[in-house]
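**Student:** Before I ask anything, let me first share the structure, which is written out below as structure tokens.
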Amino acid sequence: MTNIQKTHPLMKIVNNAFIDLPTPSNISSWWNFGSLLGICLILQILTGLFLAMHYTADTTTAFSSVTHICRDVNYGWIIRYMHANGASMFFICLFMHVGRGLYYGSYAYTETWNIGVILLFATMATAFMGYVLPWGQMSFWGATVITNLLSAIPYIGTNLVEWIWGGFSVDKATLTRFFAFHFIFPFIIAALAMVHLLFLHETGSNNPTGISSDADKIPFHPYYTIKDILGALLLILALMILVLFSPDLLGDPDNYTPANPLNTPPHIKPEWYFLFAYAILRSIPNKLGGVLALVLSILILVLMPLLHTSKQRSMMFRPISQCLFWILVADLLTLTWIGGQPVEHPYIIIGQLASIMYFLLILVLMPMASTIENNLLKW
């Protein structure tokens, strides 16, 4: 009797990706974040779909419709807070996933890595547009400030901003198009995630040692399916603790005030997951320079395969690089803290030093450390 799992065109794809996939036997919990990101994406699409059923993308009713969801729709409050805090969990998983890739040299799979960077940009764009939809004070002013950054582009900047706004300020046209894009983007992300997996399965997974694991592979199911289920349960536990005990912990109180173009909030700041990039943007006194630094702070990931000078792929056996990696993590945490602080002494200088340190670590210190470690191997 033929096994449908291995003959049916659709089942064959599922089988080769999630069941009979040969997987390294030594991948740690840092390899769980890929599946967790998939779960986050599905959760966001489902909660988002139900929110879209009750939301109205109009400047006069957007804020009221979100209030209506929380007060009048059955379980609307939990759907709304799962969606808002689900985005935070999504970014926590994203940062862990990227960090894992940097530490263990997963960027050596250049196609997979580059698709991953595109996925990161797409997710950030989606989250930004989603933040505008409740049409609170921080939604409106966040949209105004961030879209305005494009006016720093020489010659076409101003026209570009007005084209995105659909007018001369952030208004109804902007909200409507942001809702349309926010709805479609997660499906584009899902398609890109499939391409990401397609490229990954061309080479197979990396592992903590960074050396070939062809000699020691195990089937994905049941070993890693059960491991992924454990990860998923912990993710959902963390999300539900956040949603049910302190749903507004990561939000901004200003967003509970309806958008008012005549009143600027004292401190305009994005959601916590953008603060590191926002701090880099603010540390440069020039507008165009700041925008370039902002884009480069994430685009720099594309250069990782080129900046890899070590003879070893993973950082597992490279103590100097390990030390620099954790300094980079601390630096990003510092930038995140600075991004949420007002623009005044001493925060300005701390932010500038942390921004310089960020680029210095990635572009200079880490490649140098790798070269030193290569030479130490000869002794």
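Heads up, the Cβ atoms here are built off N, Cα and C, so glycines get one too.
Under the heading transmembrane segment, Swiss-Prot lists 33-53, 77-98, 113-133, 178-198, 226-246, 288-308, 320-340, 347-367, citing similarity to another entry as support. Look at Swiss-Prot and you will find HIS83, HIS182 tagged as heme b b562 binding site, backed by similarity to another entry. The annotation heme b b566 binding site is assigned in Swiss-Prot to HIS97, HIS196 on the grounds of similarity to another entry. Annotated ubiquinone binding site per Swiss-Prot: HIS201, in sequence order, evidence recorded as similarity to another entry.
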**Student:** Would you count the other CB atoms within 10 A of the CB of HIS97 (heme b b566 binding site), including those on all shown protein chains?
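**Tutor:** A count of 20.
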**Student:** I want to check the contact list for HIS182 (heme b b562 binding site): same chain, sequence separation of six or more, C-beta distance under 8 angstroms. What comes out?
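**Tutor:** Listed in sequence order: GLY48, THR126, MET129, GLY130, LEU133.
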**Student:** When neighbour density is defined as the number of other C-beta atoms within 10 angstroms of a residue's C-beta, which of the binding-site residues HIS83, HIS196, HIS201 has the lowest density?
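**Tutor:** HIS201, out of the binding-site residues HIS83, HIS196, HIS201, has the fewest neighbouring Cβ atoms within 10 Å.
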**Student:** Using a Cβ-Cβ cut-off of under 8 Å, list the residues of the same chain that are 6+ residues beyond the ends of the transmembrane segment (77-98) and lie near it.
**Tutor:** 30, 33-34, 36-37, 40-41, 43-44, 47-48, 50-51, 66, 69-71, 116, 120, 123, 127, 130, 235, 238-239, 242-244, 247, 250-251, 271-273, 301
**Student:** For the transmembrane segment (178-198) against the transmembrane segment (288-308), do we get 3 or more Cβ-Cβ pairs below 8 Å once near-sequence pairs (under 6 apart) are dropped?
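**Tutor:** As far as Cβ distances go (cut-off 8 Å, pairs 6 or more apart), the transmembrane segment (178-198) and the transmembrane segment (288-308) do not touch.
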**Student:** Could you name the stretch, out of 33-53, 288-308, 320-340, with the greatest number of CB pairs under 8 A to the transmembrane segment (113-133)?
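**Tutor:** That would be 288-308.
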**Student:** Taking just the CA atoms, what is the gap between HIS196 (heme b b566 binding site) and HIS83 (heme b b562 binding site) in Å?
**Tutor:** 24
